[in-house]
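Let me begin by presenting the structure, written as structure tokens, before commenting on it.
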Amino acid sequence: MPTLDDVLEHIGEFDRFQKQTFFVLCLLSAAFTPVYVGVVFFGFTPEHRCFSPGVVELSQRCGWSLAEQLNHTVPEWGSHGAAYSSRCSRYEVDWNATGVSCTDPLGSLVGNWSSVPLGPCQDGWVYDYPGTSIVTEFNLVCEDSWKLDLFQSSVNVGFFIGSVIIGYMADRFGRKLCLLITVLINSVSGVLVAFAPSYTWTVIFRLIQGLVSKGGWLTGYVLTAEFVGLSFRRTVGIIYQLAFTVGLLILTAVAYVLPHWRWLQLAVTLPNFFFLLYHWCLPESPRWLITQKQNDKAMEVIKRIAKNNKKQLPPSFQNLKSEDEDGEKLKPSYLDLVRTPQIRKHTFILMYSWFTSSVLYQGLIMHMGLASGNIYLDFLYSALVEFPAAFILLLTVDRIGRRYPWAVANVMTGGACVVTALVPDTLYWLKMTAACLGRMGITMCFEMVCLVNPELYPTSLRNLGVLVCSSMCDIGGIMTPFIVYRLAELWHELPLVVFAGIAVVGGGLVLLLPETKGKTLPETIEDAENMHRQERRKENTIYLQILTSGAVPKKNTTSHC
């Protein structure tokens, strides 16, 4: 009984049809970037200080520079010293009073500097930023700064819930239908975010975006793996993620041109409506159709692929059918992810790997303090480091395999975290080099878990398995700010030490997974359970073919079998 991979070998594993389909799905991958990391620009927190009535007029009358104005009218920022102006308190004096001195305004108002009363920013804030963000529009600073964390957490909560729901939908009702629904909801909710009248509605619409956007991105990832042949599976998987990195570069450029967050939100959302054209240009996954006993529809898709690739479908493959022709249509179940021993092991290890990748990927960015300099250049540099990681994987995963590069990347990330933590700040070049190696290593881990996850689950569970396991990525995203900022209060480098331990454990666990290099995607639960025995079965199959060909082995040559 030929499998779909056997058919693709004859009609094209990655020919014209697959290339066109892959290109339009890569556009979807790039468009996911603003939802995942757009908070860097949407929620940018610029330098700010309390607005005090009368200060601007006094500054103009006295001819002060901005530095002089801050020195005379803004209190120090607690223990940070005179070099830092307070962001959340102001002098409770009347700057509009007559006779205020330009050389010592506080002294002329209260006499003794030490007795000047301080109060909260009752009249709002002044932001040193030419554009706008949700922080500047809704004043998410000082006692309301936690609302920015809630804004970001709402996306990750949406990712987590959506991963489970969308994963089930894609395996139950089909990849294409699920993809179109998520695209529509993501597009509409993204526009609503841009026109949200208040902070509360912004968070609600952002949560809805999170519910569908990541599920749609991962459904597209599964489709890329199911449309192409075995020998091209890893390449399209890595390039699909590389399209996300290209999206980072595009987002940086668009955010630089549009520094106002509502216009930026519209600019990155409206192109998503074009993805509704997938209804006409993207077919359903033939692998999914076969598992659902829709063999006629699967054959229609296969014939369409052959026609577009200008190949002839061999007559022996005209009546493609599933291995279990008389069985019932397969329905995915969450219990199937833990019911059998091998799939259960794969599920737990992959969940930890997703969690590790998320915590370290986001945590290293936070710890490097990228927002301390030029936000656009910092974001650009953090994106560029991901390109060499992808190229390294392209050169190694089909030569060496999946497990060993994955384990080495985890260990390299852990080692780089330790070096970054222990190297003194005086050796800045070494510290930054180690930090970049850590970022490159965890990027490789992220891309590897995306590649291997769909390869370890049967077709009926593939989308559900990917989305349930990747939901731990969202749990990691919710926890990362607390790991970084709370531990840094004890010791600035303590988060890096924790990251190192997490990464090394992850490197050991991935070695317990079966190697998927050169193996066909499992079609049934039995195939997935027997993946670790597949190589041994291959050896036995070759030996039996030799026997049936009439070549009888000698007695002294059979002892090794």
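Just so it is clear, glycine is given a Cβ too, placed from its N, Cα and C backbone atoms.
Residues or ranges marked as domain 'Major facilitator superfamily (MFS) profile' by TrEMBL: 100-518.
Summarising the annotation, TrEMBL assigns transmembrane segment to 21-44 (among others).
Same-chain residues lying 6 or more positions outside the transmembrane segment (150-170) and placing a CB less than 8 Å from one of its CB atoms are 35-36, 39, 43, 134, 140, 177-179, 181-182, 202-203, 206-216, 218-219, 222, 332, 334, 463-468, 470-471, 473-475, 477-478, 481. Under the heading transmembrane segment, TrEMBL lists 150-170 (among others).
Marked as transmembrane segment by TrEMBL: 177-197 (among others). Here the transmembrane segment (177-197) has Cβ contacts under 8 Å with residues 28, 35, 166, 169-170, 204-206, 208-209, 211-213, 215-216, 219-220, 223, 262-263, 265-266, 268-270, 272-273, 275-276, 278-279, 282, 463 of the same chain, all six or more residues outside its ends.
TrEMBL lists 203-224 (among others) with the feature transmembrane segment. Tertiary neighbourhood of the transmembrane segment (203-224): same-chain residues 21-22, 25, 28-29, 32, 35-36, 150-151, 154-159, 161-163, 165-167, 169-170, 175, 178-179, 181-183, 185-186, 189-190, 192-193, 196, 236-237, 240, 282, 285, 450, 454, 462-463, 466-467, 470, 474, selected by CB-CB distance under 8 Å and a gap of 6+ residues from either end.
Taken from TrEMBL, the feature transmembrane segment applies to 236-257 (among others). Listed as Cβ neighbours of the transmembrane segment (236-257) (distance under 8 Å, sequence separation of 6 or more from its ends, same chain) are residues 14, 18, 22, 25-27, 29-34, 36-38, 41, 220-221, 224-225, 228, 264, 267-268, 376, 379-380, 382-384, 386-387, 390, 393-394, 397, 446-447, 450-451, 454.
The annotation transmembrane segment is assigned in TrEMBL to 263-282 (among others). With a cut-off of 8 Å between Cβ atoms, the residues of this chain six or more beyond the transmembrane segment (263-282) that come close are 20-21, 24-25, 27-28, 31, 34, 38, 41-42, 176, 179-180, 183-184, 186-187, 190-191, 193-194, 223, 251, 254-255.
What TrEMBL lists as transmembrane segment is 349-369 (among others).
Annotated transmembrane segment per TrEMBL: 375-397 (among others), in sequence order.
Positions annotated as transmembrane segment by TrEMBL: 404-423 (among others).
Cβ atoms under 8 Å from those of the transmembrane segment (494-513) belong to residues 345-346, 349-350, 352-353, 356, 359-360, 363-364, 367, 402-404, 406-411, 413-415, 417-418, 420-421, 438, 441-442, 445, 452, 456, 483-484, 487-488 of the same chain, restricted to positions at least 6 beyond its ends. Summarising the annotation, TrEMBL assigns transmembrane segment to 494-513 (among others).
Away from its own ends, the transmembrane segment (21-44) comes close to residues 14, 129, 133-135, 140, 148, 151-152, 155, 179, 183, 186, 190, 209-210, 213-214, 216-217, 220-221, 223-224, 227-228, 236, 239-241, 243-244, 246-248, 250-251, 255, 261, 264-265, 268-269, 271-272, 275, 278, 281-282, 371, 375, 379 of its chain (Cβ-Cβ under 8 Å, at least six residues beyond either end). In the predicted model, the domain 'Major facilitator superfamily (MFS) profile' (100-518) has a mean pLDDT of 85.
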